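According to Swiss-Prot, the features are:
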- Gly15, Pro16, Val17, Gly18, Ser19, Gly20, Lys21, Thr22: GTP binding site (BINDING)
Amino acid sequence: MSLTHRDVATVGIGGPVGSGKTSLLTALVPELRDQGLDVGVIANDILTQEDADVLRERFAGVVPEDLVAGVETGACPHTGIREDPSMNLQQIDSFLADHPELDLVLVESGGDNLAATFNPELADYSLYVISVAEGEDIPRKRGPGVVDCDLLVVNKTDLAPHVGADLDVMEHDANEVRDGPVVFTNCKDETNIDTVLSHVRDGVLFA
């Protein structure tokens, strides 16, 4: 895989509000650090630094504080990751100016609809996270975020019996609408986080 014009691999994580993007980051980043990788994290939001502040606290002692940044898009979340990713690209440049040793930057989108996708100048590899609680029918709605991402993550599998979602149906529908891999996760107990990690490493670091 050819990377963006920057000398660092970039992974975009998108998905609706409440799907578990921040929880997935929380699970992935310490594992990446344990494997000896230098990681930066960018959290996009419309008007606040809320997610970035949460991640700085969670990654204290794991990731240097200046490698966790918030980008306030001031507009629809997809604008900052697709139509005009300049603020995110500038933040990556800022990371690299102070930390040229960086191996990987993870970019979390603000919560958005099923149409959100990443500009290829921003993300070498993209994950799209949906939650079981959003409804069993989400995969078959064929949103570009679901269909076009490199890896679809179906999160919060522990909630399936409580919301009447059939995971087998979701898996079947997801495989019907997309050619890429699908992983079912529960970030609370880190079910299949290792599988997500393997896809990220194989898809962007060792491609």
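Glycine is treated like the rest: Cβ placed from N, Cα and C.
Of the listed binding-site residues, namely Gly15, Gly18, Gly20, the sparsest Cβ surroundings within 10 Å are found at Gly18. For the binding-site residues Ser19, Thr22, the ranking by surrounding Cβ atoms (within 10 Å, all protein chains) places Ser19 first.
Fewest Cβ neighbours within 10 Å among the binding-site residues Pro16, Val17, Lys21: this applies to Val17. Cβ proximity to the GTP site centre (mean Cβ of Gly15, Pro16, Val17, Gly18, Ser19, Gly20, Lys21, Thr22, cutoff 8 Å) flags the following additional same-chain residues: Gly111, Val129, Ser131, Asn155.
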